[in-house]
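Peer 1: Features from Swiss-Prot:
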type	residues	note
BINDING	LEU697, SER698, SER699, LEU700, LYS701, ASP702, GLN703, ASN704, VAL705, LYS717	ATP binding site
DOMAIN	691-953	domain 'Protein kinase'
MOD_RES	THR692	phosphothreonine
REPEAT	71-96	repeat 'LRR 1'
REPEAT	169-194	repeat 'LRR 5'
REPEAT	196-216	repeat 'LRR 6'
REPEAT	217-240	repeat 'LRR 7'
REPEAT	241-264	repeat 'LRR 8'
REPEAT	290-312	repeat 'LRR 10'
REPEAT	313-336	repeat 'LRR 11'
REPEAT	338-360	repeat 'LRR 12'
REPEAT	386-408	repeat 'LRR 14'
REPEAT	409-432	repeat 'LRR 15'
REPEAT	434-454	repeat 'LRR 16'
REPEAT	526-549	repeat 'LRR 20'
SIGNAL	1-29	signal peptide
TOPO_DOM	30-634	topological domain 'Extracellular'
TRANSMEM	635-655	transmembrane segment
Amino acid sequence: MSTSHHHHHPPYLITTLFFLFLNFSCLHANELELLLSFKSSIQDPLKHLSSWSYSSTNDVCLWSGVVCNNISRVVSLDLSGKNMSGQILTAATFRLPFLQTINLSNNNLSGPIPHDIFTTSSPSLRYLNLSNNNFSGSIPRGFLPNLYTLDLSNNMFTGEIYNDIGVFSNLRVLDLGGNVLTGHVPGYLGNLSRLEFLTLASNQLTGGVPVELGKMKNLKWIYLGYNNLSGEIPYQIGGLSSLNHLDLVYNNLSGPIPPSLGDLKKLEYMFLYQNKLSGQIPPSIFSLQNLISLDFSDNSLSGEIPELVAQMQSLEILHLFSNNLTGKIPEGVTSLPRLKVLQLWSNRFSGGIPANLGKHNNLTVLDLSTNNLTGKLPDTLCDSGHLTKLILFSNSLDSQIPPSLGMCQSLERVRLQNNGFSGKLPRGFTKLQLVNFLDLSNNNLQGNINTWDMPQLEMLDLSVNKFFGELPDFSRSKRLKKLDLSRNKISGVVPQGLMTFPEIMDLDLSENEITGVIPRELSSCKNLVNLDLSHNNFTGEIPSSFAEFQVLSDLDLSCNQLSGEIPKNLGNIESLVQVNISHNLLHGSLPFTGAFLAINATAVEGNIDLCSENSASGLRPCKVVRKRSTKSWWLIITSTFAAFLAVLVSGFFIVLVFQRTHNVLEVKKVEQEDGTKWETQFFDSKFMKSFTVNTILSSLKDQNVLVDKNGVHFVVKEVKKYDSLPEMISDMRKLSDHKNILKIVATCRSETVAYLIHEDVEGKRLSQVLSGLSWERRRKIMKGIVEALRFLHCRCSPAVVAGNLSPENIVIDVTDEPRLCLGLPGLLCMDAAYMAPETREHKEMTSKSDIYGFGILLLHLLTGKCSSSNEDIESGVNGSLVKWARYSYSNCHIDTWIDSSIDTSVHQREIVHVMNLALKCTAIDPQERPCTNNVLQALESTSSSSSSCTTYLSKILSLA
């Protein structure tokens, strides 16, 4: 009997496969729903997530930013740099069961991150990067067992670092830098035995550096800079044998440098600058043969640099400036083949500069200024052919400048002032094509300097030397901003080439032997701020064209042989503050306008035939010459009567014109039916009939918008501090039309309340349009606002403080011009995020307070980050924004701090310049902030040419 075999699948196998398929489908559907839920909570203006939608296939593996494994499960979500905003409302997306990587860095996401993100996220998660956003709130507690990388840097997180951070036992990378974290660095970090990279920089951490860090034997990178850490550096750090990078800068660390740091044989970067370290540098430090960059600057270190420095054969950068180091500069530095940057300035080094310095090095920057160095310059300094900065000022160096520097074509910045150099300039020195800054002042240099060819030159100071001959032709130096040739023996006339400086701001030719007339063409230098031609032999008249100067502040023509009358329109230069015309041959009357109104007697003395009706000038009064003839008497009487009549008529018009030009007109008073008395003060006559008290009060019911009979719109705002209004009205009287200031047209007040009426400009607030603005438009906004500030600070006397420079207070009109709505003190609420430290603490408001607010505005325009929520302000976020910016800028990660919508490839150099300016404007000490004129000059002088930006050189290249 034959037997047939039939194969049947057991029913339980079919059932199992069915449920597996069902489970697979459910998982797939669950992933899709979680991802779409994430998409619904954020804004995606550039439509990067357009592929995230229901479709016939519903295959999430094809979606932008999503990566799946070989069984089509989502393992990676990378949406970095997509310009997305909004909040992550739940941690649901983080629960995708196979998810290993989440990267949401470099966006504009904000708000707190979900509190359960570290307790409910997928246990498979290994990489979490939320850096460079605007997240706030505290860092959640919890534990992810397999997490390798946690990067929350460059956000606005607050609060303390919890001790349970120590349970993330698998972490290799922890970066919490660039936030507003407070409290101590937890010692529990020592439990992260596998950690390789630790960054807590640019926060507000206090206390000491925990000794427990010495247990983290796998650490390669420690960055705790830009905090408020104190105490001594733990010697236990010297036991971290794998350490490559140690950075503790900008803290309050004190005491000696532990000798154990010399045991870090793999160390390549050691940065301890800007602390309070003292004592000698341990000799063991100079045995670190792998060290590339060493920076102990800005401390109180003493002692000498040993010859052991010759062992550091990998060293490229040595920074020991601003300490109390003594002795000679060791010969050992000359044998460091890779040495590029040597900065030892502001110490007490003595003796000569090592004879072969530069011969066996690769020098690009040498700064030994402000020491006690003597002797001559080595002729080997530029042997590498790469030397760009040579800074040796304020020493006692002598002899001639070596001929080799005349052939150093790489030089860009040379500062040799305040030494004892003598002899002639080396051949070729005045034809170096890349030099942009040259200061040789206060030496004993001599010779003829009539040949000059430096096309990149921006600043030249040859003052206090013995140069002679005629003035050079600087026609090739179109970029010159400052030229100081004072206190030499230069003769001859001013050459025509001197009139062709489109950017010159400071011109000083004083104390020479220059002759001839002052060229009228000099007035074509529209950016000239300071002009000093004193103590020469100029003849002829003061050019009337000088009235065309637009920003001239100081004018000194004293001690010449100038004759004729002073041009009457010279006093019309609004920016002119100081004038000195003493000791000339001038005659006639002194102008009674502008800077001449308060001129000091010493500034006009020595002009025998000069007179003035201003007794404070010390000049004799101007007298009318009288004759005795009867005909003359009748002529005088008739003329006097005619003049009186003319004065009477003119006076009426002058008063009228004065009222109109100063925008001060009669006060309108009205009493309403309920007995309330109102006063309306107008500042422009054309609006006097535009609205009444009733229409002003009615506008308060219609979104505070007032429309006159011609359809012109105005905005009505309530004055917050009524008592301040009278003194504020005097401020408003100073304001005339300026294209970058919203015009205040009137005030309306009763005994209990007051309102301010200003024009309503068609356009949008800066806060509404900032995202996505091109660099060109941002530049225009910066310049427009600082021009408004210059008008308020420099053209109004006394100066007017703008007060509020937040993007909410700046309107971009239809012509793309920024318009500042004045926040006069006492009138409009200040935005605390833009408030200077002295204003917050002492209620002091000055022009330097405005500069601080402008600096914050620059940071906002550069980074796209703002700090305007009340919670952030109470936590000191605007201070943290500045600290974060300093941290980011000092490391020059331009792509991490610049707004992603700005094209850095074209404007990188200009952006870096503006960031540097922003940090100067936000200095804690008001005295360290630049004045408004300097801010404007800095903005105008920035160029968009590209420049290299390495990790550390950006800091050092801005120092000298």
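Note: Cβ is positioned from N, Cα and C throughout, glycine not excepted.
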Peer 1: Quickly jot the same-chain residues contacting the repeat 'LRR 8' (241-264) by Cβ under 8 Å, restricted to those at least six beyond its ends, or write none.
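Peer 2: For the repeat 'LRR 8' (241-264), the sequence-distant neighbours (Cβ-Cβ under 8 Å, at least 6 residues beyond its ends) are 196, 201, 209, 217-235, 270-288, 295-296, 301, 886, 890.
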Peer 1: Give me the count of other Cβ atoms within 10 A of the Cβ belonging to the residue listed as 'phosphothreonine'.
Peer 2: 14
Peer 1: List the residues of the same chain that sit at least 6 positions away from LEU697 (ATP binding site) in sequence and have their Cβ under 8 Å from its Cβ, in sequence order, or write 'none'.
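Peer 2: None - LEU697 (ATP binding site) has no non-local Cβ neighbours under 8 Å at 6 or more residues apart.
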Peer 1: Using DSSP, how many residues of the repeat 'LRR 20' (526-549) fall into helix, strand and coil, respectively?
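Peer 2: Summed over the repeat 'LRR 20' (526-549), the classes give 5 helix, 4 strand, 15 coil.
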Peer 1: Over the repeat 'LRR 15' (409-432), what does the predicted model average in pLDDT?
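Peer 2: The answer is 95, the mean pLDDT of the model over that range.
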Peer 1: Could you give the residue numbers and ranges of same-chain residues that sit at least 6 residues beyond the repeat 'LRR 14' (386-408) on either side and whose C-beta is under 8 angstroms from one of its C-beta atoms?
Peer 2: 340, 345, 353, 358, 362-380, 414-429, 432, 434, 439, 445, 957, 960
Peer 1: Mind tallying the repeat 'LRR 8' (241-264) by DSSP state, helix then strand then coil?
Peer 2: 5 helix, 7 strand, 12 coil
Peer 1: Please report the DSSP secondary structure of THR692 (phosphothreonine), reduced to three states.
Peer 2: coil
Peer 1: Please indicate, using numbers and ranges, the residues of the same chain that are 6 or more beyond the repeat 'LRR 15' (409-432) and have a C-beta under 8 Å from a C-beta there.
Peer 2: 364, 369, 382, 385-403, 438-447, 449, 451-454, 456, 461, 472, 960
Peer 1: Work out the three-state DSSP category of LEU697 (ATP binding site).
Peer 2: helix
